[in-house]
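Per Swiss-Prot, the features are:
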{"type": "BINDING", "residues": "Gly10, Ser11, Gly12, Lys13, Ser14, Ala15", "note": "ATP binding site"}
{"type": "DOMAIN", "residues": "2-197", "note": "domain 'DPCK'"}
Amino acid sequence: MIIGLTGGIGSGKSAAADFFIDLGISVLDADQVAKEALSTNSPGYTDFISQFGEVYLNNNREVDRLKLRELIFSNPSKKKDLENIIHPIVRSAISNFIITSTSPYSIVMVPLIFETNSYKNYDKIITVDCDLELQIVRASSRDAQNKSQIKNIINKQASREERLSISDDVLINNSTLSDLKKQVNVLHTKYMELLNE
């Protein structure tokens, strides 16, 4: 069974994923794969320079992610160009992960699962959800961005309603990490029972 794990920025996806890992479940972070797709030793890096030019590199010749983020949020066609570089790399990594995973079920953490229509590729979808204000506070403190930047990112992502509409299971992360862990344990038990039917 392959499960997609999603949620908006600052919802607690990574915390939930870590709890599944603690239970022995294989988890792939598609966002991390996407970030690594533009690292200096990757094929995506070369494609990136060809497409975007060296103006989006910092002094260390690494992709200047802040500058790039500003570009793609203001220019939809550039966002599409970037996706055309990154998405094939991510899809390949997900395929390899699924083939090689040995845990009873596997989880792929995909923040933009609704936006990319990739939710159709999974047996189940888990959404980590939390109140909007909590989401903004968490994301702005973690990512060193101001609240208006975080709100802008949230407005560009799928709405809570859209994410929840494709979800089989929802983890409500409005409380403590301990509470989130309990919810993950309940889901894990449910999935193990499903697999043993």
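Using the three backbone atoms N, Cα and C, a Cβ is placed for every residue, glycine included.
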Nonlocal residues around Gly12 (ATP binding site), in sequence order (Cβ under 8 Å, 6 or more apart): Val128, Cys130, Arg138, Leu171, Asn173, Leu180
Chain-internal residues near Ser11 (ATP binding site), provided their CB is under 8 angstroms and they sit 6+ positions away: Val128, Asp129, Cys130, Gln135, Arg138, Asn173
ATP site shell beyond Gly10, Ser11, Gly12, Lys13, Ser14, Ala15, criterion: Cβ within 8 Å of Cβ centroid: Gly7, Ala16, Val128, Cys130, Arg138, Asn173
Taken over the domain 'DPCK' (2-197), the model's mean pLDDT: 92
Gly10, Ser14, Ala15 as binding-site residues, winner by CB count within 10 A: Gly10
Secondary-structure category, per DSSP, in which Gly10 (ATP binding site) falls: coil
Cβ neighbour count within 10 Å of Lys13 (ATP binding site): 23
